[in-house]
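Record features, source Swiss-Prot:
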type	residues	note
ACT_SITE	142	active site, acyl-thioester intermediate
ACT_SITE	235	active site, proton acceptor
ACT_SITE	237	active site
BINDING	163, 192, 249	substrate binding site
SITE	111	site 'Important for acyl-CoA specificity'
SITE	192	site 'Important for substrate specificity'
């Protein structure tokens, strides 16, 4: 089944060309079926890139999905046009009286700031509280995961001696977890961050369990025991060239940045990156939508009593 997108959204044409099953609003209106309502809180500066990455994965499932894109009204975007935001995005005030089957909260390049120093922190905490009553399951990514762990459970983030940057091997801590259905027992995921959540801090919170981690990259996936809140420290949604773009950006700025690990053949940036995470990215998003959203959400969201 397709992902339902506005006809004019730039990602619609990009994904259609990749054979991702996209259904335009005009066609979806004639189908007598309730799509899953997913709200994406996009905190990244270049919103078009992140929305396309996430929509690519959400569109590669057998479920029809209706997307609502959300941005922070308390922050002025410098890298995404006001026209794009006004055409395709909502503010929290516009959707706070609605309910959703699922939510994705993206990362943001603010991890080296204290949480309370982030300009939109107050608005974000309102959204984090709101989704506990109005969303069936939420997927938090990178800084979005750190923010959620801190706000809900007091789990601190810690600075790393150097940026965690590259593709790292991971293992599963628990078998028979629905989120990992179809996973290999050894898989690779991109990371790009200056801070971390530590195992010993998370283990102090009885409501949380660590589902996957890496000897090199540390904790990868944490979830509440009811599966409604999932926290992912890596970036399985990344395009093949995302780390390359970040590396070249920092090199051009004259920053002291290491070559992304396990990314280029023989660590040679002149060669094409090796993509080793795409299959597991698709599996994780598909499993989340199916088992944690579709199988758990009521048909009538307005009758959902949490």
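The count begins at 1 with the first shown residue.
Quick reminder: no glycine exception, Cβ is built from N, Cα and C everywhere.
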- Task: For the recorded substrate site, enumerate neighbouring residues of the same chain (Cβ within 8 Å of the Cβ centroid of 163, 192, 249, site residues themselves excluded), in sequence order.
- Result: 165, 243, 246, 247, 250, 257, 260
- Taking 163, 235, 249 as the recorded positions to compare, which has the smallest set of other Cβ atoms within 10 Å? 249
- Message: Which one is it: of the recorded positions 111, 237, which Cβ has the fewest other Cβ atoms within 10 Å in this structure?
- Response: 111
- Long-range same-chain neighbours of the residue listed as 'active site, acyl-thioester intermediate', Cβ under 8 Å, sequence gap at least 6? 106, 107, 108, 111, 192, 193, 232, 233, 234, 235
- Item | residue 192 (substrate binding site): tally of other CB atoms within 10 A of its CB | 19
- Would you kindly give the Cα-Cα distance separating residue 237 (active site) and residue 249 (substrate binding site), rounded to the nearest Å? 19
- Recorded substrate site residues 163, 192, 249, farthest C-alpha pair in Å: 15
- Query: For residue 235 (active site, proton acceptor), what is the secondary structure by DSSP, using just helix, strand and coil?
  - Reply: coil
- Task: Could you find out if DSSP has residue 163 (substrate binding site) as helix, strand or coil?
- Result: strand
- Should residue 249 (substrate binding site) be counted as helix, strand, or coil on the basis of DSSP? helix
